[in-house]
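**Q** Got these off TrEMBL a minute ago, pasting:
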| type | residues | note |
| --- | --- | --- |
| COMPBIAS | 170-219 | compositional bias 'Pro residues' |
| DOMAIN | 248-316 | domain 'DUF7507' |
| REGION | 157-221 | region 'Disordered' |
Amino acid sequence: MKASLRTIFLGVSIFALAAVLFVWQSLPVTAVTVGNDEINFITVRYDYPSTGQSTWYYQVISGRRPAISHVTFQMNLDCLDVVDAGTWDGTNLDALNSGAGQPEVGTDPTTGVTGLKFDQGFADNEVRYYYFTVDGNYAQSSITVASKGGPGYDTALITGPSLSCQPQETPSPTPTNTPTPVPPTPTPIPTNTPTPVPPTPTPTNTPTPVPPTPTPTPTNTPTTCVTAAVDLELLVNGEDADSAPGPTVPVGSTVTWTYVVTNNGGTPLTNIAVFDQMVGATPVCTQASLGVGLSFSCERTTTAQAGQFVTTAKVTAFCDGVEVTDRDKGYYTGQ
């Protein structure tokens, strides 16, 4: 009898330990040692700096001899766009320095990790704070972070945006709305039991025809903008390369990116701006207005790096305050 009890106890203990280990492995990792470096996930801010965007904050502490030459955070670039990246001051989440740290989007040829690379080297024991903003409020999950220093590199898992681009669950706002203690307000209604008061709300309900008033507001503006549309084509060295592998270019040569914007809708557009995730939140170019059927283009150049490279460009335009957008990817392979 005692032996069987021990067996049962041992079995339950092993099961409980396995369950704890499983849960532990599933949890997002907030602090990791990568080789002789340390990387910490600080926080993520949803709907920041704009609705539908999320900003992720990290601390990177370089070891010494060798110090870090670059750090790469894994991302699924097929369903996620990096709209900004840089450094922050480590205390104020709003103190962002866009473009600092030499952020680059693509596949790092050294580590093979696809995502966002900060290519600026560290001094021994230097502490730096990185951030990046993506289009989408994605759930937290484990992603690979690679640290390159000296002849080799190391990888580990850390918290980052979901690699399946799974959206962040939004039940959190629901509890926030729970302060619907507005229902308690009706409780005074029994106080208003003096039947005279209930009749008063009845007339209040009569003004329900007021809602029709908003209907006229949208009438003219949206109607004119229903056919508004814009198209963006991103050319790589003159080629429409919106799928891998794109043109092959010599490493170190100049890559010319051409952004062609066309008003392919039925109404004029204003405040047109072209963005590229390589540049971040600063527009590549802008134009005040664009008539129906008309196009304009602008260019920028970069230096080709080794391996597969991809970026995503985006155009925004407006018709009477209604925004229209389009995106296009550009690939090349550096050899």
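Heads up, the Cβ atoms here are built off N, Cα and C, so glycines get one too.
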**Q** Grab the pLDDT values for the domain 'DUF7507' (248-316) and give me their mean, rounded.
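**A** PLDDT averaged over the stretch: 95.
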**Q** When secondary structure is assigned with DSSP, how many helix, strand and coil residues does the domain 'DUF7507' (248-316) contain?
**A** 0 helix, 44 strand, 25 coil
